[in-house]
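Trainee: Pulled these features from Swiss-Prot for this protein:
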{"type": "REGION", "residues": "1-104", "note": "region 'N-domain'"}
{"type": "BINDING", "residues": "ASP34, ASP86, GLU158, GLU160", "note": "Mg(2+) 1 binding site"}
{"type": "BINDING", "residues": "ARG47, ARG70, GLU158, GLY231, ASP233", "note": "DNA binding site"}
{"type": "REGION", "residues": "103-123", "note": "region 'Disordered'"}
{"type": "REGION", "residues": "122-253", "note": "region 'I-domain'"}
{"type": "BINDING", "residues": "ASP179, ASP181, ASP233", "note": "Mg(2+) 2 binding site"}
{"type": "REGION", "residues": "341-349", "note": "region 'Interaction with PCNA'"}
{"type": "REGION", "residues": "356-395", "note": "region 'Disordered'"}
{"type": "COMPBIAS", "residues": "356-389", "note": "compositional bias 'Basic and acidic residues'"}
Amino acid sequence: MGIKHLYQIISENAPDAVKSGEIKNQFGRKVAIDASMSIYSFLIAVRSDGQQLMNESGETTSHLMGLFYRTLRMVDNGIKPLYVFDGAPPKLKSGELAKRIARKQEAAEQHEEAKETGTTEDVEKFSRRTVRVTREHNEECKKLLKLMGIPYINAPTEAEAQCAVLARAGKVYAAASEDMDTLCFDSPILLRHLTFSEQRKEPILEIHLDRVLEGLGMDRKTFVDLCILLGCDYLDPIPKVGPNTALKLIRDHGSLEKVVEAMKNDPKQKYTIPDDWPYEQARDLFFEPDVRPADHPECDFKWEAPDVEGLVKFLVEGKGFSEDRVRSGAARLQKNMKTAQQSRLEGFFKPVAKTDEEKASLKRKHEEKLEAAKKKKKEDAKAKREAKSRPKGTA
């Protein structure tokens, strides 16, 4: 799930933190990818007639199809991917996981009912909600990656946290995930939409944490407190606290401790904090996650030549893939992994730190942008109200 509405908060309040571009702009970069999130998206997206792809034996192949071709696309564009798999979830996450299982069970029942009485759209909608990544899916994907020569590592717990460690250490350029909580784990750069299909035509979003903090005017602790208040995987959200309210509360009070105190002392009792809401533990999980240091032997990785015959045996003979396409894909891997060895020119230069004067200028420009956006929003709202109040037939 990640952090609710965080991207909205960033795009509205720290727009300079987000760069949008094509996949080819990532040429020559090593990227740590949240494997479980990617596999889940493949199971949902790679479908035929509302159903997951299957071979003649009835085995699901959507995850393998997605992983094979999306990884090829990255390598074609000069990216060197490293996949990071989830380990055991933290205990604090068990409540959220239990809710997800319950929702999937409910969706499975609705899916069966929709097949009897609903439309095609209903069937597909409920079918997608039943999807979950199994241990077998993960093991098959690891086998495929090994045959492709693409490295992977297993995280002790949260994959996003391990990706962030590698990014901070400079072993990879960025962490890639759709989960915005990757920023809470202190990844300097987050890439979104990297594993999306080309057909979706979604730009790659590159989010820089230092610019997020600068744009919001927060340090990391305050930012993490904001994210917990917005709603994360570890805690139930506080009812009636939406994105704008969460941002205002954190800005007004400065920390979750003071926000909670203000809520409890509010004579109107506007907000009801859930009985079990251990926000300190949630914060600790973001600041001290169970991860391996970047120099740990299990965090060593390298890209190798693909095992062409192994790929044919696994995908063609075992899973019913087209042999021509698999061999063609293997040839692309062999060719493009060599191209990806080239370094980006930017790698030879260190960024120059901004002066206080430059920082003040950037902040002033950012505030002017926000003010202009607010003014336009008010003017648009006023124009809409006036348009509604005019009698019909008048210009």
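Backbone N, Cα and C atoms are what each Cβ position is placed from, and that goes for glycine too.
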Trainee: Between ARG70 (DNA binding site) and ASP86 (Mg(2+) 1 binding site), what is the CA-CA distance rounded to a whole number of Å?
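Mentor: The Cα atom of ARG70 (DNA binding site) is 20 Å away from the Cα atom of ASP86 (Mg(2+) 1 binding site).
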Trainee: Under DSSP, is ASP86 (Mg(2+) 1 binding site) helix, strand or coil?
Mentor: coil
Trainee: Quick one: of ASP34, ASP86, GLU158, GLU160, ASP181, which binding-site residues lie within 10 angstroms of ASP233 (DNA binding site), measuring between C-alpha atoms? Sequence order, please.
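Mentor: Near ASP233 (DNA binding site), where near means Cα within 10 Å, the binding-site residues are ASP181.
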Trainee: What are the non-local neighbours of ASP86 (Mg(2+) 1 binding site), defined as same-chain residues 6+ apart in sequence with CB under 8 A from its CB?
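Mentor: In sequence order, the residues whose Cβ lies under 8 Å from that of ASP86 (Mg(2+) 1 binding site) (at least 6 apart) are ALA35, SER36, ALA155, THR157, GLU158, ALA159.
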Trainee: Rounded to the nearest Å, what's the C-alpha distance separating GLY231 (DNA binding site) and GLU160 (Mg(2+) 1 binding site)? Just drop the number here, would you?
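Mentor: About 17 Å separates the two Cα atoms.
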Trainee: Sorry to bug you, but what's the C-alpha spacing from ASP179 (Mg(2+) 2 binding site) to ASP34 (Mg(2+) 1 binding site), rounded to the closest Å?
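Mentor: Between the Cα atoms of ASP34 (Mg(2+) 1 binding site) and ASP179 (Mg(2+) 2 binding site), the distance comes to 9 Å.
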Trainee: Provide the number of Cβ atoms within 10 Å of the Cβ of GLU160 (Mg(2+) 1 binding site), excluding the reference atom itself.
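Mentor: Excluding its own Cβ, GLU160 (Mg(2+) 1 binding site) sees 30 Cβ atoms within 10 Å.
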Trainee: Using the structure shown, find which entry in GLU158, ASP233 (the binding-site residues) has the sparsest Cβ neighbourhood within 10 Å.
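Mentor: It is ASP233 that, of the binding-site residues GLU158, ASP233, has the fewest other Cβ atoms within 10 Å.
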Trainee: May I ask for the distance between GLU160 (Mg(2+) 1 binding site) and ASP181 (Mg(2+) 2 binding site), taken between their Cα atoms and rounded to an integer number of Å?
Mentor: 8
Trainee: List the helix, strand and coil residue totals of the region 'I-domain' (122-253) as derived from DSSP.
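Mentor: Summed by class, the stretch gives 68 helix, 15 strand, 49 coil.
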